[in-house]
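Heads up, the thing below is written out as structure tokens.
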Amino acid sequence: MTNIFLYGTLRHAPLLEIVSGQPAGSLGPVPARLAGYRVAQADGQGFPLIEVCAGASCEGVVLLDVPEAAVARLDFYELGFGYDLRDVTVDTAEGAVAARVYFPHPDLWRAGANWTLEAWLREEWPVARHAAREVMEYFGRLSGDEVAARYGMILTRAAARVRAEANPTPTVLRHAGRRESVEEAAAEMSHAGFFLTRVYRLRHPLFAGGMSEWLTREVFISGDAALVLPYDPVRDRVMLIEQFRMGPYARGDGLPWLLEPIAGRIDAGETVEAAARREAVEEAGLRLKRLERIGGFYSSPGYSSEYFNCFLGLADLPEKAAGRGGVEDEHEDIRSHVLGFDEVMALMESGEANNAPIVLMLLWLQRERPRLRAAAGG
């Protein structure tokens with residue numbers, strides 16, 4: 001049996017239960033202190049790390065005689081993210097206890113201010129809860145290093161779930177049935193790469209009353225995205241970007257380069273608006289003056305969880321604003337076009353601008369253009 005000292009997020013019993021696969025109380029967490037160390041927040045991150053600090057002491061809990069199965073799950077959760085186990089001696093009310101601690105690899109992160117569990121629970125736990133559940137689904141399927149390499153997308157999906165829970169939409173006309181009224185028997189991963197698919201076994205309430213038959217449905221699980229259509233109301237110009245797209249290519253389209261709005265996934269910890277502004281800089285080198293929300297919608301609700309947050313981005317668009325963009329590390333090859341309003345509407349009408357977001361956003365601009373032009377003196 002192994003004793004493990006926990007100083008960070010795993011002190012939170014619900015997270016410990018997700019990761020260990022056992023009720024937290026069964027692991028017998030005992031308050032403990034590790035002298036000569038402090039718990040710091042990794043600079044620019046939300047998670048904690050432990051470092052030597054003379055005269056300080058690190059508060060935590062020690063798990064006594066942890067079963068091997070739980071140790072394996074804890075190791076899987078920690079070791080792939082740049083942590084190693086070290087032997088230490090911690091102090092408890094009953095005396096000194098030999099234990100193992102997860103220490104960060106040297107020089108991997110820079111220590112910042114003191115980290116507190118209370119702040120983490122307030123700021124990070126809502127997303128971390130969903131992320132931890134997905135991480136532990138990979139136990140026995142992937143290595144810790146493989147999970148760490150995918151953790152950005154895991155967080156993106158988790159953050160999308162938190163936004164979905166926090167932002168209900170109106171039910172003036174549609175059925176106000178709650179998610180809780182759906183009976184779910186299973187939700188198993190059928191593919192787990194950069195993207196994720198799940199096979200659900202469920203039944204739902206019927207409009208006529210009663211429940212549907214048990215249904216099997218496969219769903220593409222994605223994160224949320226921010227989309228921006230840049231517009232200069234003074235010059236009456238619109239910016240479109242162009243890039244190679246896998247969707248048309250996989251369909252067999254002979255012309256898989258598309259004209260689109262600026263778009264990208266919303267990172268965990270990032271607001272929708274911040275993501276829109278960041279993507280404008282990354283894809284087009286464009287700093288937006290102001291954002292106007294067009295709306296939010298599911299891109300293809302029959303099989304995908306992907307949700308689009310669409311904005312008009314007011315900006316200066318001289319002809320020289322067109323050019324090349326994209327993040328090299330993400331292998332983006334993007335060029336931007338600056339067009340007059342009538343020119344870009346002609347592209348929509350001819351079918352050359354042939355994806356749903358650009359059509360929807362241009363139609364919104366067509367409706368709001370007189371107001372925007374008048375406000376700008378155009």
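Using N, Cα and C of the backbone, Cβ positions are placed for all residues, glycine too.
Some features that TrEMBL has for this protein:
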type	residues	note
BINDING	Ala263, Glu279, Glu283, Glu332	Mg(2+) binding site
DOMAIN	221-361	domain 'Nudix hydrolase'
MOTIF	264-286	motif 'Nudix box'
* To do: Work through the binding-site residues one by one (Glu279, Glu283, Glu332) and point out the residue whose CB has the fewest other CB atoms within 10 angstroms.
  => Glu332
* Using DSSP, how many residues in the domain 'Nudix hydrolase' (221-361) fall into helix, strand and coil? -> 41 helix, 53 strand, 47 coil
* Within the predicted model, mean pLDDT of the domain 'Nudix hydrolase' (221-361) -> 93
